[in-house]
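K.L.:
Copied straight from TrEMBL:
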- 322-344: region 'Disordered' (REGION)
- 31-50: transmembrane segment (TRANSMEM)
- 71-94: transmembrane segment (TRANSMEM)
- 100-119: transmembrane segment (TRANSMEM)
- 158-178: transmembrane segment (TRANSMEM)
- 198-217: transmembrane segment (TRANSMEM)
- 237-260: transmembrane segment (TRANSMEM)
- 265-286: transmembrane segment (TRANSMEM)
- 292-310: transmembrane segment (TRANSMEM)
Amino acid sequence: MKGDHELQVIGQSVATILGRLYYDNGGNSKWLATVVQVVGFPILLPYYLLSVKTHTTTHRDGKITSLRNRVLVYIVLGLLVVAACYLYSIGLLYLPVSTLSLICASQLAFTAFFSYLLNSQKLTPIILNSLFLLTISSTLLAFNSEESNSKKVTKEEYVKGFICTVGASAGFGLLLSLQQLAFRKVLKKQTFSEVMDLIIYMSLVASCVSLVGLFASSEWKTLSNEMENYKLGKVSYVMNLVWTAVTWQVFSIGGTGLIFELSSLFSNAISALGLPVVPILAVIIFHDKMNGLKVISMILAIWGFVSYVYQQYLNEENLKKSHGIPTTESPDPPEAEGSSEQSK
């Protein structure tokens, strides 16, 4: 669907900036920051209803998934979403936005690794080059002593933020690979309705669990005082939370379109397209320092991203040739490549 790429990049970039604004102006609840990442899923319902008629129901095989297996998929993936979002919230609290976004580029590497283990994705030389570059890119930031010694956070907090962000990237990479596995082995089809059902019910589980975490941690008791003392005022506090929730769902809408039209792996690759955008915005808005180590890390991450996307392009072209499809027509989902090879 046209515009999916832009929606995903814009949604992720704006949501990240708003999340940092929340912390910088007096917000301190990690669980609330987690809740707003997932609780906005009802916004997807109008999009679901308006778009379902425009998408053809392909990839059906006539098999019906049992309700028990379907619910189990939603619960497991929903719990993984909560864990990844919570770790991301901790990383956003302790790390500069520019550093956080560069570390998050490692999500591509984790996705490729887990897809190799779970979905039999080939680790071609180009993919291995991408994995190496993205790993080195993130590792370099662990030695960024300029930020770990800053007055805003202690060295221990910086290390905690770094580890949690890497953990969040690994969690999101595993999530996308498990989604592919669920569509292939459990749900048995990848129609638009199936993709939307997965995202909505997965978000419902994640919202419920994150709200339980908010109340169980007693962070909810500090929210009233937090809003009173928010530097930009009460209205700005509420609007920040609302628009953070909205922009994360804009990101989801873009990702949903790409998952349906292409694959969750390509959706993940496109999300990394915002990699150069967030650090630049962070320098302008939050006056983050863009030192030499960060510049090198960004260059390596972009290089790794380009390598990954180039491999996806090659896979798509090879799939078209094997099916005798002219290259000018719309591509088939990349995940079909694995199944076609297995049938040979």
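The backbone N, Cα and C atoms fix where each Cβ goes, glycine too.
Since this is a predicted model, take the numbers as computed values, not measurements.
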K.L.:
Test of understanding: applying the rule of at least three C-beta pairs under 8 Å (pairs 6 or more apart in sequence), is the transmembrane segment (158-178) touching the transmembrane segment (71-94)?
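P.N.:
Answer yes, regions in contact.
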K.L.:
Hey, which bits of the same chain come close to the transmembrane segment (158-178), Cβ under 8 Å, at least six residues off its ends?
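P.N.:
Distant contacts of the transmembrane segment (158-178): 76-77, 80-81, 83-85, 87-88, 90-91, 93-95, 100, 103-115, 117-119, 138, 141-142, 147-148, 150, 264-265, 267-268.
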K.L.:
Which stretch, 31-50, 100-119, 198-217, tops the Cβ pairs under 8 Å count with the transmembrane segment (292-310)?
P.N.:
100-119
